[in-house]
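Everything below concerns the one structure shown next.
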Amino acid sequence: MFSDSSLSKALGLVAFASLASAGPCDIYAQYDTPCVAAHSTTRALYNSYNGPLYEVVRGSDGSSTNIAPLSAGGVANAGAQDSFCANTTCVIQTIYDQSGNGNNLTPAPPGGETAGPQSNGYDNPASAIGAPVTLNGQKAYGIFSSPGTGYRIEDTKGVATGNEPESIYAVLDGTHFNDNCCFDYGNAETNAHDDGDATMEAIYFGTCTVWDKGAGSGPWIMADLENGLYSSNAEYGTNSADPTQNDRFLTAMVKGGTDGFALLGGNAQSGDLSTYYNGSRPSGYQPMNKQGAIILGIGGDNSDGAQGTFYEGVMTSGLAPAAADAAVQANVVAAGYATTSLVSGPAVNPGSTVTMRVTTPGFTTRYIAQNGTSGQYSSSVVTTVITSSSPSSLQQLGLWKVVEGLAQSDCVSFESSITSGSYIRHYAFELYVDANDGSAQFADDATFCPKAALNGQGNSIMSWSYPTRFFRNYADTMFVASEGGPQYFDTTNSYNNDVSYVVGSGFES
């Protein structure tokens, strides 16, 4: 449905070489479809931009700092974040709009569907360290969005409303998703409520099949148009041209015209974009009634059960031509996204059997263990006094087999030494030992990333699926806890000590 004139195509071909090295928003401006919102924690999206990319807040004292590019148009200064957040935790509080329109994203308020877990029903901010990457070898951090995490701005400037055209693109982690609603980036309602069909236009990524789906088992790029995630104009259909995605870094696009929409996608590390759909909207969605708010990680009514990872994205005024899409994809590829390690500190190696000793003063004879005595045990995980002279049945409770992470191979999972095939996993943020049921949810819940200990003694064990949360001993029970979070076991008192463990191979005398 969308097409370029011959003149536009010719101009696009002529301009492509000069635009390939420009920032994405410089490219869009060249095609008279300027960015009205530009968000990224990894890099500047304009060649001349040297302002703040995002704000981090420190858990230890609540202080904050802005992270800017290393140089104008460059990659984020991850070293400044690492220095500011040393020996504590940090969250991403604000994602700044680089367009100059002030469309900054902050944790979303409660909505018609869901109230978030923070005070007054706000959503969680994302961990500042949950999604480390490199861009052409320079370290940066993306936004790892767990269920309950989401960002929003309702009072925006320049964003399309009504039936006005727009283009939206995002760079995402094509391996981080679930089947819940809704991991979105784009245009939404200004009141955090479902205001009916056609009041949204956003990129969706995941495996939700309530309304529509693509080919295979997913995940898919689809458009969230409110009251429907659409791969085409056929509600409850299957768009065989919308493929299952498996690229680690994924470029996703939703283009909304005055009379239809298009879905595009491609590998953000190489190659060109492909068009997965280009045509009319579903019945009831024409004309559009867009409202112009911006969301990230949630649905328009604050449906916040989804997960995903966002690195960069923009929204434009007007429908960008195909030549602009191609130039932006070339720019993304040239940015050189690559993975980097999630772990740090003393090595915790798959294939080993380990003990994990508490470092909280006054409790250093205690070890993380399956709850039990004299050969009797339950599924809960606690801390227990164990020594080298303790009965073998008690020692067995505190021994854990380290295996490759069930959800993320860079991290680890801890298998019970008592029951083969059972692992430490979190449920409602408490730790249990459960049998692996083979589900993606179990794998997520049972994967943990060892980091250098926050108190300098050994390791702090970060939850892969909730990277604001670490193993914590609290009242002798084990949780995954965030510093200063909403749960009673998230208290800041003694947090660094309570989340730090000496990972060894035996018990002290």
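Even glycines carry a Cβ here, placed using N, Cα and C.
Within 10 Å of the C-beta atom of GLU226 (active site, nucleophile) sit 26 other C-beta atoms, taking all shown protein chains into account. The annotation active site, nucleophile is assigned in TrEMBL to GLU226.
According to TrEMBL, the active site, proton donor annotation covers ASP301.
Long-range neighbours of CYS35 (disulfide bond) (same chain, six or more residues apart, CB within less than 8 Å of its CB): PRO24, CYS25, TYR28, ALA29, LEU45, TYR46, GLN98, SER99, VAL314, MET315, THR316. Annotated disulfide bond per TrEMBL: CYS25-CYS35 (among others), in sequence order.
In the shown protein chains, 27 other C-beta atoms lie within 10 A of the C-beta of CYS90 (disulfide bond). What TrEMBL lists as disulfide bond is CYS85-CYS90 (among others).
Just so you know, the Cβ of CYS182 (disulfide bond) picks up 30 other Cβ atoms within 10 Å once every protein chain is counted. Look at TrEMBL and you will find CYS181-CYS182 (among others) tagged as disulfide bond.
Residues or ranges marked as disulfide bond by TrEMBL: CYS411-CYS449 (among others). For CYS411 (disulfide bond), the count of additional Cβ atoms within 10 Å of its Cβ stands at 22 [all protein chains shown].
Summarising the annotation, TrEMBL assigns domain 'Alpha-L-arabinofuranosidase B catalytic' to 24-338.
Under the heading region 'Disordered', TrEMBL lists 101-123.
The signal peptide feature in TrEMBL is assigned to 1-22.
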Other parts of the chain folded back onto the region 'Disordered' (101-123), taken as Cβ under 8 Å at six or more residues beyond its ends: 36-37, 39, 93-95, 148-153, 156-159, 192-194, 294-305, 485-486
Close in space, distant in sequence - CYS449 (disulfide bond), Cβ under 8 Å, 6 or more apart: LEU342, VAL343, GLY405, GLN408, ASP410, CYS411, VAL412, ILE461, MET462, SER463, TRP464, PRO467
Those disulfide-bonded residues listed as CYS25, CYS85, CYS181, and which of them has the most Cβ atoms within 10 Å of its own Cβ: CYS25
Spatial neighbours of ASP301 (active site, proton donor) that are distant in sequence (at least 6 apart) but have CB under 8 A: GLY111, GLY112, GLU113, THR114, GLU189, ALA192, HIS193, ASP194
Cα-to-Cα gap, CYS90 (disulfide bond) vs CYS182 (disulfide bond), nearest whole Å: 25
